[in-house]
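Engineer: Before I ask anything, let me first share the structure, which is written out below as C-alpha cells.
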Amino acid sequence: MGNLKSVGQEPGPPCGLGLGLGLGLCGKQGPATPAPEPSRAPAPATPHAPEHSPAPNSPTLTRPPEGPKFPRVKNWEVGSITYDTLCAQSQQDGPCTPRRCLGSLVLPRKLQSRPSPGPPPAEQLLSQARDFINQYYSSIKRSGSQAHEERLQEVEAEVATTGTYHLGESELVFGAKQAWRNAPRCVGRIQWGKLQVFDARDCSSAQEMFTYICNHIKYATNRGNLRSAITVFPQRTPGRGDFRIWNSQLVRYAGYRQQDGSVRGDPANVEITELCIQHGWTPGNGRFDVLPLLLQAPDEPPELFALPPELVLEVPLEHPTLEWFAALGLRWYALPAVSNMLLEIGGLEFPAAPFSGWYMSTEIGTRNLCDPHRYNILEDVAVCMDLDTRTTSSLWKDKAAVEINLAVLHSYQLAKVTIVDHHAATASFMKHLENEQKARGGCPADWAWIVPPISGSLTPVFHQEMVNYVLSPAFRYQPDPWKGSAAKGTGIARKKTFKEVANAVKISASLMATVMPKRVKASILYASETVRAQSYAQQLGRLFRKAFDPRVLCMDEYDVVSLEHETLVLVVTSTFGNGDPPENGESFAAALMEMSGPYNGSPRPEQHRSYKIRFNSVSCSDPLVSSWRRKRKESSNTDSAGALGTLRFCVFGLGSRAYPHFCAFARAVDTRLEELGGERLLQLGQGDELCGQEEAFRGWAQAAFQASCETFCVGEDAKAAARDIFSPKRSWKRQRYRLSAQVEGLQLLPGLVHVHRRKMFQATVLSVENLQSSKSTRATILVRLDTEGQEGLQYQPGDHIGICPPNRTGLVEALLSRVEDPTPPTESVGVEQLEKGSPGGPPPSWVRDPRLPPYTLRQALTFFLDITSPPSPRLLRVLSTLAEEPSEQQELETLSQDPRRYEEWKWFRCPTLLEVLEQFPSVALPTPLLLTQLALLQPRYYSVSSAPSTYPGEIHPTVAVLAYRTQDGLGPLHYGVCSTWLGQLKPGDPVPCFIRAAPSFRLPPDPSLPCILVGPGTGIAPFRGFWQERLHDIESKGLQPAPMTLVFGCRCSQLDHLYRDEVQDAQQRGVFGRVLTAFSREPDSPKTYVQDILRTELAAEVHRVLCLERGHMFVCGDVTMATSVLQTVQRILATEGNMELDEAGDVIGVLRDQQRYHEDIFGLTLRTQEVTSRIRTQSFSLQERHLRGAVPWTFDPPGPDTPGP
C-alpha cells in the first residue's frame, strides 16, 4: 500500500498549498491561468478516457457532448482535457461554500465522523446500504441477478429488525479496498487492489485487539518487504460504546514535555504520551521511544499494551556520502500504520480499522524530521553541511532538506525496507488517474495533499488539475476518544505485555476453541476426472488446518468472482485429454481466461480465446507469457495491482508425461493467476502418474504449507506439522473405525450417482460383436446399447460414453476370502470414524464416513472399489502396520517410503490387491480398511462410434478387449476391467453409463470444408459416427459435402481391419474421397504407420487443407501415435509451406485455437511400453533431484512452452 499515511497525515497545513492548479472541494483554481468553466460532458455511465497530446502547444480537447454538466479537468503540462463524471456519485457536500474555500483545512468539520446519540435513521442507512450493495454486485458483474435482489431484501429485513446490518466477508474486503481507492488525499492508490484485509469483527476485548494488531504489524512488516494491510474491528452499534485505538498510528515515537517548554522526542505525540503515562506506562527519556498502545473495548476504560521490540522494525539513518550524518543518531520506524481513522462502508462505521502501507520518503525526510513543529532538524543538518543559514537566498533549507531525504532513501534501501521516492509515487498517481478515468470516469483527489512537500512543479501532479469530492466507502476523520462526547472511562489500567497476552492465549481453553474463525482463510480447489485430485486436496486441507482455516471445494462448486476477495488459494488439478480442463474444471477455466489483468485493462479476444495456443503449443514461444513475465519482474509497488492483487496462490498438477500436454491445465491456471496480479508462493508442482506422483505431492504440499505460514506469519511449527501429517505414524488405525449395520442399501444407479457425483443412466445391451477375424488372438468389439430414449444419453458424433463396470466375480470372491472380519453376505453396512474432540469444544464422536453409501461388502468390492490397480504407497504403509511377519512389514514399509523401489515394483508386477496379499500373506485385512482406504472404481471412457441420425436411440462404443501378462510376460494374466466385462455381456444386460460431451471433436458445421481423419486401430471409433452423419446429410438432407480423407492403420488386412466393409460402402456413396490404410505387420510388406502415409502420400493435401482451404484434421488414438502424427504434420507444414519448424508449430497452435486441428487422445497401450519406460526414467531423475534439494520447490516455474507435458 503506497503512502496510505497521507490519508491521515500529521496535523498541520500541507506544504505547497499556495500555487495549486487543483479544483478543490469548492472548485478553486490556480492563479496562473483560470481553468475553463465546466462544460457539458457525458453521463457517468459513459466516461471518456483522457486523450493526451504530445506537447502543451497542441492540446487535446474532448468534445463535450450534450448531457449534464461535469467538471472539465486539464493537465497543464501536456494540454489534455478530461471530464470527471464520477463526482456525480458523491452523496456528501464538502466543507466549502459558494463564498469561501476551506480546501486547505487539515481537519474540516464536515469531513469528521462523530458518534450520534442514537441509531441512524433507518431510511438513511438503507439508502447507503443499497448503494454499497449495488456497487458490490456491479463489481462482480452480478448486478440485477437473483443473488443481488435477495441480498438487498436480506439487508432491508435486518435493518428493519435490528436497526443495522452486517457485511459479508467478501463485501467487507471489497468495501475496504474501495475506501482506499476513494481516499482523495492518498498518492499511492494505484495499489488499492493489493490491500490485505484482516477481519477482526469477532473481537470482544482489548486483549484480543492487541493480538490482532500484533499479527497485523508482523504481517505488514514482513521483514522489511512491507505489505499493505487493514484490520477491521467490530462496527459501531447503537447503544454500545466503540472499539477504539487511541494512538494515531500503531507505531509512534513518544514526545516528552520538558520543564523549559521544549519537547524531547516527537512533539506531535506529547498528548498521547502523557495519556500513556497516566495509564501506567513507565516512560524512557529518548528521542525515539516507541509508545505503547492504548486500546479500548466498548464501555470499558482503555488498556495499555507495550509493543514487543522484535515486532517494531526501525531503520537507523545514514547518508551515502556525508559520514557525520549517522552520528546524529536519527532513526525512523518502517511501518506507517494509521489507526485513528474511521472506516465507513455502506453506512456502517468501523471506528477501529488500522491500515498500513509504506512510506513515501518525503513524509519522513521532509515532514517528520524537518517540520518546525516536529523534530525540526533542518538547521542542525545545514550547520553540519557548513551552509549559510543567515539568509534564505542561500537556499540552505532546500539543500539540507534534499540531503535529509537522500539519507532516508539510502538508509531504507540499505536496510531492504520498502520505501518510494516522491517522483516515482507521483508518476504512479498519474497512471492511477488514467486508469480510473477509463474505469470509472474520474478520480477524487485533493491537489494540496497529492503534491509532495518538495519538488512541487518538478513532479507531474503539480500540473494536473484535480477534482476533490467524497465517495463511499471512505476513510473519515473522527474525534480523539478522550475528548468531548467521545470520551468514555479513562481510569488507569495495569499495562499488559505481549508475553502476558501470548501466554493467556495459550492456556485459555475457551479461547483456543474459537481460534479457527480468526485464522487466515484458505480455499483449496480441485478438478479431476477421477478422485485423485480430490484426495490430494483433502490431504492438503488436513495439513493447512494446522495453521489456517481451509475449505476444500471442487472447481465447479466455486464462484470465480470470489477470487478477487481471496487471501490464499491452493489448486490441485489434473488435465484431461489434449491439455483441456477436466469436466468439473471447465467453467472455472473459462471464467479465469475471461478475467482482465493489470496490464491489459479489459480482456482482449486473442488472450481469452487462445488457451490452446498459450498452454498447449507445440512451438517454443509464447509472446504473451514472456511479455507478462518481463513486466512482472520490472514491476514495483508503484504499479497497478491487478484484479487478484491480494491473492497468494500455489498450484499442483496431476498427469502423465506420456501425454504431450502434461499438466497443461495446471500450468494454465498457475500462469493465469499470476497474470491477473496474484502472487505465486511456490513454483508449480507436477506429479507424474508414471512415477513418484504421491511423493512429489508430499514434497510440494509441505513446501506450500511452509511458504504460506511464512507469508502470513503463522504456524511457527510449520515444518513439524507438515512432517506429522505425512508421517507413517499417522497411518490408518483400526480403533478409529467401526462398522454400523444399515437397514437397507441403495440401488446400484443411485449409489453410482452418490459416489461419482454425476447423473447416471442405464442402457441395455442389444448386441456385442467381435470386429476382428476369428483367426486373430485379440478382440475388438462393437457394443450396441439401447438408450430407451433417455434425454441424458443424447449425444453428438465425437462425444464420449462413460461406462461404470464391475470387478470380476472371481477376483471379488478371492478377496473376500482374505477379509478377517467379513460381514454377513446380505447385510448392508456403513463405516463410522471417530472424530477427535477439542479442548473447550465438542467431545469425541462417531461420524459416518460419507464416501460410500450403505451396501454389502460384496457389492462395495464389485461395483465401487478399485481392487485391480496397484496399491498406492499410502495404502502399502497402512498394510505394513497390519502385517504380522516382521520381514513382510519391513518390505512393505520400504516400498511405501522409497519412491524408486515402489515404482520399479509397481511397473514390473502391476499387482492387484489380491496379488499384493499373496506376496505378503501375513497381512490382516479388516473390512473398514477396504471400505475407507481403497480407491474408487473409476468409469471408463470410450469414443461413441455411431450417429444418432443413423441409429436413433442407440449408442455404439468400439472397445479393444484388454488381456496381458505382467512380469515380462511371465506373470499372472490380467484383464481389462471394463473391456472384458463388456465382451461377456448378453442382450438385455444393463450397462450404467453417461455421456461426456467433446465439443472440440466434432465435424465442422460447414460441410463444404475438407476434412482429414487419422485413426489407427480403435482410433477409427469416432470416425464411424462421422461417416454415418455425412451419409445422413447426403441421403436425407440432399447436401453435397466435401469428400473426406480417411487414414486408417492396423496390423494385418486379414485380421484386424476394422469396419472395412462400412468404409468401402461410405466411399462408394460419396463420403470419402480417399481411404488409405497403413499395415504394420502385413506379410511380405514393410512396416507402415499412419504418419508414414501422411508424409509420403498426403503431404501436399495436408498443407492445402489446413493452410489454404481452412479445412480440418482429426486425429484419434493413443498418446504415442498422436504425438508422432503431430510431429509429422509440423514437418509437413514447414516443408510445404517453406517455413521454420517453430513457425509451423505456431501454425498448429493457431489451428488448435481455431478448432481446426482436433485430437482425441486415449491412454497408454501395451505397444507404448518402450516410450513409457524412457519417460519414467526422466521423471525419476527429476523427482530425485527434488528430493535431494537440487531442484528446490521455490524457483520460478517453467513457462507453458516447456518441452514435455
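Cβ atoms are placed via backbone N, Cα and C, with glycine included.
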Engineer: The (6R)-L-erythro-5,6,7,8-tetrahydrobiopterin site in Swiss-Prot lists ALA448, TRP449, PHE462. Which one of SER90, SER104, SER113, SER817 belongs there according to the record?
Structural biologist: SER104
Engineer: Which one of ARG808, ARG1051, ARG1131 goes with ARG778, THR1018, SER1080, ARG1081, LYS1087, TYR1089, GLN1091 at the NADP(+) site, as Swiss-Prot has it?
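Structural biologist: Candidate in the recorded NADP(+) site: ARG1051.
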Engineer: Need one residue: from HIS800, HIS1112, HIS1158, the one Swiss-Prot lists with ARG940, TYR942, SER943, THR958, ALA960, TYR964, VAL977, CYS978, SER979 for FAD.
Structural biologist: HIS800
Engineer: Labelled region 'Calmodulin-binding' by Swiss-Prot, one stretch among 492-512, 534-554, 555-575, 681-701. Can you tell me which?
Structural biologist: 492-512
Engineer: Please report how many Å separate the Cα atom of CYS101 (Zn(2+) binding site) from that of ARG778 (NADP(+) binding site), as a whole number.
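Structural biologist: Per the Cα atoms, CYS101 (Zn(2+) binding site) and ARG778 (NADP(+) binding site) stand 93 Å apart.
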Engineer: In Å, how large is the greatest distance between any two Cα atoms among ARG778, THR1018, ARG1051, SER1080, ARG1081, LYS1087, TYR1089, GLN1091, the listed binders of NADP(+)?
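Structural biologist: It comes out at 24 Å between the most distant Cα atoms.
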Engineer: At the level of the C-alpha atoms, what whole-angstrom distance separates ARG778 (NADP(+) binding site) and SER574 (FMN binding site)?
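Structural biologist: With the alpha carbons as reference points, the distance is 32 Å.
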Engineer: Output, ordered by sequence, the same-chain residues six or more apart from THR530 (FMN binding site) with a CB under 8 Å from its CB, or 'none'.
Structural biologist: SER574, LEU936, GLN938
Engineer: Take the region 'Disordered' (820-848) and count its residues per DSSP category (helix H/G/I, strand E/B, coil), listing them in that order.
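Structural biologist: For the region 'Disordered' (820-848), the helix, strand and coil counts are 0 helix, 11 strand, 18 coil.
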Engineer: Sort ARG1051 (NADP(+) binding site) into helix, strand or coil using the DSSP assignment.
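Structural biologist: It is coil.
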Engineer: Could you say which of the binding-site residues ARG778, ARG1051, LYS1087 has its Cβ with the most other Cβ atoms inside 10 Å?
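Structural biologist: Its Cβ has the most other Cβ atoms within 10 Å: ARG1051.
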Engineer: Nearest to TYR1089 (NADP(+) binding site) by Cα, among CYS96, SER116, GLU689 (recorded positions)?
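Structural biologist: The smallest Cα gap between TYR1089 (NADP(+) binding site) and any of the recorded positions is with GLU689.
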Engineer: Starting from the Cβ of CYS101 (Zn(2+) binding site), draw a 10 Å sphere and report how many other Cβ atoms land inside it.
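Structural biologist: The answer is 15.
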Engineer: With FMN as the bound species and SER528, GLU529, THR530, ARG532, SER574, THR575, SER656, CYS663, GLU689, GLN693 as its recorded binding residues, calculate the greatest Cα-Cα distance and give it in Å as a whole number.
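Structural biologist: 16 Å is the greatest Cα spacing among the residues binding FMN.
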Engineer: Counting other Cβ atoms within 10 Å of each Cβ, which of the recorded positions SER116, SER656, SER1080 scores lowest?
Structural biologist: SER116
